Amino acid sequence: MPSLLVIIFAVELVVQLVNTIGAATINNLLWRIALSLPIPLSAEFAEQRKKQKEYLAVRRDLNATSSQDEFAKWARLRRQHDKLLEDLEKRKKDLDGSKTKFDRTLTSVRVVATRGVQWFLPFWYSREPMFWLPYGWFPYYVEWFASFPRAPLGSVSIVVWQWACTGVLALAIETVMAVLGLFVAARQKQQEKAKVKQAVPASAKAEGSKAEAK
């Protein structure tokens, strides 16, 4: 069943990526993408940003206006300030509610599409062989373990295939992250060396100027 092999591998890959990147980071990224789409939510967010700019401008003018020398102007700006602040707080509350609902929906979809599939497929296809081991190549205990829990003896069960995918993907992701970490560390070290090289001639030039002045 090659299609099932691919499905299990894809599900485990998604799970490992979510664990590595972080569910909150993925939710925030998808939220930003949603706000850039032509939907009512993005229009509401754009209006909130516009109101925020208006509020900051009025607040700046209010702070620059004297309540004693320009009372009429100060009172007008104060009313605008309070109205915009109230409107912003209401809009922020609505957007926070939408964000919470968005996160809950994504979490539910992610759990069903990953954890749910992780549990359902091994249960439903527990007796189905993923592929067969070469006959006579492995001892009995290896064949028994490969077919655990209920696949035919001599085959690899869906549970064991799932374990193998999880282990290989976790190892591969750890290796990639380690290589990236080494690359970033080496790049930072090069940048620090470049800064030191730039600082040394500057200090030498300053000392030379002092010596000429003397």
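Backbone N, Cα and C define each Cβ position, glycine as well.
Mean pLDDT of the predicted structure over the topological domain 'Lumenal' (1-4): 69. The annotation topological domain 'Lumenal' is assigned in TrEMBL to 1-4.
If you look up TrEMBL, you'll see 160-185 marked as transmembrane segment. Note on the transmembrane segment (160-185): residues 5, 8-9, 12-13, 15-17, 20, 118, 121-122, 130, 145-148 of its chain, located 6 or more positions outside it, place their CB under 8 angstroms from a CB of the stretch.
As annotated by TrEMBL, topological domain 'Cytoplasmic' applies to 173-214.
If you look up TrEMBL, you'll see 192-214 marked as region 'Disordered'.
Positions annotated as compositional bias 'Low complexity' by TrEMBL: 197-206.
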